Amino acid sequence: MAHPIPVVVNGATGKMGRETIKAIAAADDVTLVGAIARSADVQGQDIGEIVGLGPLEVPVTNDLEGMLCLASQEREVPVVVDFTHPDCIYDNVRKAIAYGVRPVVGTTGLNNEQLQELAEFAEKASVGCLVIPNFSIGMVLLMQAAIQASRFYDHVEILELHHDQKADAPSGTAIKTAQMLAELGKTFNPPKVTEKETMPGARGAVGPENIRIHSVRLPGLIAHEEVIFGAPGEILTLRHDTMDRSCYMPGVLLAVRKVRQLTGLIYGLDRIP
């Protein structure tokens, strides 16, 4: 019988981290070996007790390198799932790769230069690394539907809405959506008039191939995206709504199971072979 995949969760006490802990505890083929969080008031506490599962015998620590070192000594190839912050994610991933721990990254905010550097680092180390802007299967299907629709429409804009604790804007998911549309090789939104913003930023950020992205941050939201296509006489709106973070867990577990079989960096759930 195969041994379960050892998993460390970084950002374990955050909203996504807590859901990930629960998903790992419920799965038979993965096992939690580490929980990392920065908050001083949770250090040493059992992460199972914190998330409401009862004892898991995994104490919370803020020592990332120490935990990566311990995980690297496991019998099976270990994985670290990272839901932390844009300010530290680049360094977190480099440290994980250096220890041979396979990163599954749900934290957005990495720029293109950082992604390229991490890709080269992972390739050189022969380590798989997955950077996933959105773990929702439904969101992947929305992106695929947008690609199909974009063949018939020349005008498109993206609206993304998230909770007010999200640090980066626009979201990694919205950027990924725009990038996928841009890969079709067509330029969107040919100008109709000479625009003048009386308030800077009113028309949103201009992404690849002239695709505008608009960001909303409000309490009460979780994660939502609309891809809006326009043509004379009609509007087509594709929308995905996250009602509960549990919808991300099938994608998280898929990434954990797949990353150990890969070499180099892959960006996006849809690109996992």
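Glycine too: its Cβ is placed from the backbone N, Cα and C atoms.
If you take the C-beta of H162 (active site, proton donor/acceptor) and look for same-chain residues 6 or more apart in sequence within under 8 angstroms, you find S171, S215, V216, R217, L221, I222, A223, H224. In the three-state DSSP scheme, H162 (active site, proton donor/acceptor) is classed as strand. Here Swiss-Prot flags H162 as active site, proton donor/acceptor.
The active site, proton donor annotation in Swiss-Prot covers K166 and rests on sequence analysis.
Per Swiss-Prot, NAD(+) binding site is recorded for G11, A12, T13, G14, K15, M16, G106, T107, T108. Counted within 10 Å of its Cβ, the other Cβ atoms near T13 (NAD(+) binding site) come to 20, all protein chains included. T13 (NAD(+) binding site) carries neither a helix nor a strand DSSP state and counts as coil.
All protein chains considered, the CB of G172 ((S)-2,3,4,5-tetrahydrodipicolinate binding site) has 22 other CB atoms within 10 Å. DSSP gives G172 ((S)-2,3,4,5-tetrahydrodipicolinate binding site) a helix state. Feature annotation from Swiss-Prot assigns (S)-2,3,4,5-tetrahydrodipicolinate binding site to H163, G172, T173; the stated evidence is sequence analysis.
The residues near the (S)-2,3,4,5-tetrahydrodipicolinate site, meaning same-chain residues not in H163, G172, T173 whose C-beta sits within 8 angstroms of the mean position of the site's C-beta atoms, are T108, P133, N134, E160, H162, K166, D168, S171, A174, A223, in sequence order.
Note: the Cα of G172 ((S)-2,3,4,5-tetrahydrodipicolinate binding site) and the Cα of T108 (NAD(+) binding site) are spaced 5 Å from each other. Highest local Cβ density among the binding-site residues T108, T173 belongs to T173, counted as other Cβ atoms within 10 Å over all protein chains shown.
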